[in-house]
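Trainee: Following this message is one structure expressed as structure tokens.
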There are 2 protein chains.
Amino acid sequence: MENSSQNWLYENFDHTGSAFGLRITRKLDEVQSPFQKIEIYESRDWGNVMLIDGAMMVTTRDNFFYHEMMAHAPLFTHPDPKHVVIIGGGDCGTLREVLRHPGVRTAVQCDIDEQVTRMAELYFPELCESNNDSRATVMFDDGIAYMANAAPGSIDVIIVDSTDPVGPAEGLFNRAFYENCLKALRPDGLLVQQSESPLALMHLIQDMRGAMRDAGFQSFRTLPFPQPCYPTGWWSGTIASKTARDLTAFREEDAAAAASKFGCRYYNAGVHRGALAMPGLMQEALGD
Amino acid sequence: MENSSQNWLYENFDHTGSAFGLRITRKLDEVQSPFQKIEIYESRDWGNVMLIDGAMMVTTRDNFFYHEMMAHAPLFTHPDPKHVVIIGGGDCGTLREVLRHPGVRTAVQCDIDEQVTRMAELYFPELCESNNDSRATVMFDDGIAYMANAAPGSIDVIIVDSTDPVGPAEGLFNRAFYENCLKALRPDGLLVQQSESPLALMHLIQDMRGAMRDAGFQSFRTLPFPQPCYPTGWWSGTIASKTARDLTAFREEDAAAAASKFGCRYYNAGVHRGALAMPGLMQEALGD
């Protein structure tokens with residue numbers, strides 16, 4: 001993280017060789033939790049910005065791409081999602097989107113770091129506006145242990161909304177974790193995980209799918225979407241299903257009806273369909 | 001443009017409040033043309049990079065998004081494009097993509113600045129590989145004058161592949177220019193122009209469409225696509241038609257057959273269809 005004299009805050013992404021920056025007006029907060037350093041800046045044009053260990057996690061302006069795609073794409077792919085678990089997601093933006101679905105009965109958010117949520121409540125209150133929904137459980141615990149202890153066949157959709165596969169989130173990207181997810185899912189169950197940049201980190205998507213496949217997941221689909229503040233600005237989520245199925249089929253009519261009711265700024269049925277049309281470079285690397 | 005001590009080259013986008021950067025290994029060239037300053041850097045992970053007046057124009061690694069979308073989306077929307085004119089486009093990448101269409105009989109590239117093409121030949125030779133195609137005319141002249149003097153009803157597709165609407169390209173974003181384009185187009189004719197970021201610069205897209213409409217263009221469609229090295233990493237092209245028509249209709253079967261034959265890394269029929277599904281924030285701003 002560089003802080004130039006003109007108040008531009010840059011994040012240099014070593015693994016992609018690219019950088020993203022924002023014009024910052026001031027630093028609002030900083031806390032060192034038991035797990036990581038969380039910083040909040042105010043930007044001139046992007047609202048507030050949260051950094052975890054120097055990596056931009058959320059800005060007020062652009063988080064809707066990620067949260068809408070990570071929640072609505074899997075939930076409209078599942079035939080009838082009632083019980084949803086979010087591993088990570090401490091900024092609560094994914095939880096808010098999940099709770100827009102009237103059919104959802106329970107949504108558990110399990111992030112290891114309570115401080116992330118406390119900072120989100122202060123600096124991104126709009127993302128936390130559904131935390132008191134009676135269907136929501138906001139807990140702070142180890143997501144790996146949570147999935148290891150989850151009742152078998154109890155969950156419809158697991159959303160892994162974590163930081164990168166280094167540091168606290170490392171254990172969310174391996175076979176042992178995926179095996180516990182598989183066991184906890186109902187037969188129709190889906191797992192979705194943020195899967196980095198399809199331009200720069202296709203090998204990570206391949207490794208992730210490999211570990212999911214080794215754990216017993218049957219079908220896979222990786223959906224690209226814009227996310228300006230993440231490396232290369234082009235991001236993805238990978239959906240995996242417990243049983244073999246066509247993950248290009250989704251509840252298209254429900255999605256079409258819901259998108260404006262939900263107030264989505266990016267996701268809609270056409271955008272979902274579009275994200276299923278993989279560009280050549282993804283088809284070539286992923287073979288689907 | 002900032003050049004930090006660790007050889008990160010940043011472009012600060014004043015109007016979006018965001019920045020993009022690349023890890024640079026060395027500066028390869030710099031020339032001051034009669035129109036603008038052109039710089040070439042070598043990056044560690046993105047190949048070569050061309051900057052014009054400090055703005056990143058092209059990198060070896062990510063230019064395919066832009067060139068494929070700016071060429072193939074309008075050419076597959078047109079029923080039978082035979083005569084194509086590119087205004088700007090001096091790096092020759094759009095020309096190369098246009099010439100992949102076997103039905104194209106003539107493709108004229110008219111960029112005001114010969115030095116852009118000379119630098120592209122040296123540092124982006126792959127983009128220039130079709131410059132000697134017998135159907136191609138690479139000329140260096142004022143695109144505004146070129147369109148003012150073009151024979152009425154002679155062109156099928158005009159691609160405006162220019163820098164931002166400041167400096168030499170300013171005259172490519174107003175009613176007088178669009179009126180000349182309209183006159184030069186055949187009845188089925190299409191104009192496509194790069195139209196900046198739908199996240200940050202929607203007002204520019206609205207202004208551009210307003211001027212096109214004032215000039216007599218009838219139907220409009222703005223297609224978003226990723227373009228990492230441009231502001232926000234999310235970019236767009238706006239297609240306008242001389243006569244009223246449904247610009248969501250395109251030669252989908254031809255596009256499906258062509259994408260792999262053309263060697264496209266991003267564009268294909270599904271991606272085109274996906275780009276026609278506008279996210280809510282674009283529907284709201286553009287009303288279509």
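Easy rule for this one: first residue shown is 1, then count along the chain.
Placement of Cβ uses the backbone N, Cα and C atoms for every residue, glycine included.
Note that the structure is predicted; figures quoted are calculated from it, not measured.
Copied straight from TrEMBL:
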- A:Asp161: active site, proton acceptor (ACT_SITE)
- A:Gln36, A:Asp111, A:Asp142, A:Gly143, A:Pro168: S-methyl-5'-thioadenosine binding site (BINDING)
- A:His67, A:Asp91, A:Asp161, A:Ser162, A:Thr163, A:Asp164: spermidine binding site (BINDING)
- A:6-242: domain 'PABS' (DOMAIN)
Trainee: Across the domain 'PABS' (A:6-242), what is the average pLDDT of the model, as a whole number?
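Mentor: Mean pLDDT across the domain 'PABS' (A:6-242) comes out at 96.
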Trainee: Within 10 Å of each Cβ, count the other Cβ atoms, then let me know which of the binding-site residues A:Gly143, A:Pro168 comes out lowest.
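Mentor: Selected from the binding-site residues A:Gly143, A:Pro168 on minimum Cβ neighbours within 10 Å: A:Pro168.
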Trainee: Which has the fewest other CB atoms in a 10 Å radius around its CB: A:Asp91, A:Asp111, A:Asp142, A:Asp161, A:Asp164, the listed recorded positions?
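Mentor: It is A:Asp142 that, of the recorded positions A:Asp91, A:Asp111, A:Asp142, A:Asp161, A:Asp164, has the fewest other Cβ atoms within 10 Å.
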Trainee: Can you give me the residues near the recorded S-methyl-5'-thioadenosine site, meaning same chain, not A:Gln36, A:Asp111, A:Asp142, A:Gly143, A:Pro168 themselves, Cβ no more than 8 Å from the center of the site's Cβ atoms?
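Mentor: Those within range, site residues removed, are A:Phe35, A:Gly88, A:Gly90, A:Ile112, A:Asp113, A:Ser162, A:Ala169.
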Trainee: Could you state, as a whole number of Å, the largest distance between Cα atoms of any two of A:Gln36, A:Asp111, A:Asp142, A:Gly143, A:Pro168, the listed S-methyl-5'-thioadenosine binders?
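Mentor: Pairwise Cα check on A:Gln36, A:Asp111, A:Asp142, A:Gly143, A:Pro168 gives a maximum of 16 Å.
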Trainee: Provide the three-state secondary structure of A:His67 (spermidine binding site) computed with DSSP.
Mentor: helix
Trainee: I need the CA-to-CA distance for A:Asp111 (S-methyl-5'-thioadenosine binding site) versus A:Thr163 (spermidine binding site), whole Å please.
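Mentor: Each residue's Cα considered, A:Asp111 (S-methyl-5'-thioadenosine binding site) and A:Thr163 (spermidine binding site) end up 11 Å apart.
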Trainee: Restricting to the same chain and to sequence separations of six or more, state which residues have a Cβ under 8 Å from that of A:His67 (spermidine binding site).
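Mentor: Within the chain, A:His67 (spermidine binding site) has Cβ neighbours under 8 Å at A:Gly93, A:Thr94, A:Arg96, A:Glu97, A:Leu127.
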Trainee: Give me the non-local Cβ neighbours of A:Gln36 (S-methyl-5'-thioadenosine binding site): same chain, 6+ apart in sequence, Cβ-Cβ under 8 Å, ordered along the sequence.
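Mentor: Looking at Cβ-Cβ distances below 8 Å from A:Gln36 (S-methyl-5'-thioadenosine binding site), excluding near sequence neighbours, one finds A:Ile52, A:Asp53, A:Asp113, A:Thr163, A:Gly167, A:Pro168.
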Trainee: What is the total of other Cβ atoms whose distance to the Cβ of A:Thr163 (spermidine binding site) is within 10 Å?
Mentor: 21
Trainee: Are there any residues in the same chain, six or more apart in sequence, whose C-beta is under 8 angstroms from the C-beta of A:Ser162 (spermidine binding site), and if so which?
Mentor: A:Ile87, A:Gly88, A:Gly89, A:Gly143, A:Ala169, A:Leu172, A:Gln193, A:Gln194
Trainee: A:Asp142 (S-methyl-5'-thioadenosine binding site) to A:Asp164 (spermidine binding site): how many Å between their Cα atoms?
Mentor: 16
Trainee: For A:Asp161 (active site, proton acceptor) and A:Asp91 (spermidine binding site), what Cα-Cα distance in Å is obtained after rounding to a whole number?
Mentor: 10
